[in-house]
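The structure under discussion appears below in the form of structure tokens.
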């Protein structure tokens, strides 16, 4: 408890000395390619299909979806912490077919702990290409399509069925484990009263804390 109080006091002192809040870490974004036609841009709640390469500061590659992951691009939902914060921040307003270079500071990557082959306090560079962008279960546009019985609330079954349909629609096999994990993440954040349903009032594609 004492350590918590001391930490809070130190943070408050630093903020007051600097004249306000400490500056937030930023992702450096460089657009390497953007298609001439952009029919939609990514937003929190969308499902993105991406190829990616990751590099350490010295230029050494530590991962590539074109070499690893069965050489397949990966799906994830933007803005619900399925990926590191730097991706959630750096891949907004992206077009399908666009390629970006993200330079991500440790606090928006794997922080003081590191992960696997990523050492603690590592600044990472990613080259990411968006292959496809689709409405996700946290998009307002999807609510009515997901609400199969028109009762103005979503069950876990309805959300999972929507995910399966979206994957199949675009030629990808259903992935029950991935779908269930995504559903659990969504309900943990959206189901405010914990009644096992997401009401139309609770439903949103963007939260301030994301």
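Just so it is clear, glycine is given a Cβ too, placed from its N, Cα and C backbone atoms.
Within the model, the domain 'PPIase FKBP-type' (45-134) carries an average pLDDT of 93. According to TrEMBL, the feature domain 'PPIase FKBP-type' maps to 45-134.
Summarising the annotation, TrEMBL assigns domain 'EF-hand' to 134-169 (among others).
What TrEMBL lists as domain 'EF-hand' is 178-210 (among others).
Residues or ranges marked as signal peptide by TrEMBL: 1-19.
If you look at the domain 'EF-hand' (134-169), the same-chain residues 6 or more away from its ends with a CB under 8 A from one of its CBs are 43-49, 75, 77-80, 175, 179-180, 182-183, 186-187, 190, 196-200, 203-206. Secondary structure of the domain 'EF-hand' (134-169) per DSSP (helix as H, G, I; strand as E, B; remaining residues coil): 21 helix, 3 strand, 12 coil.
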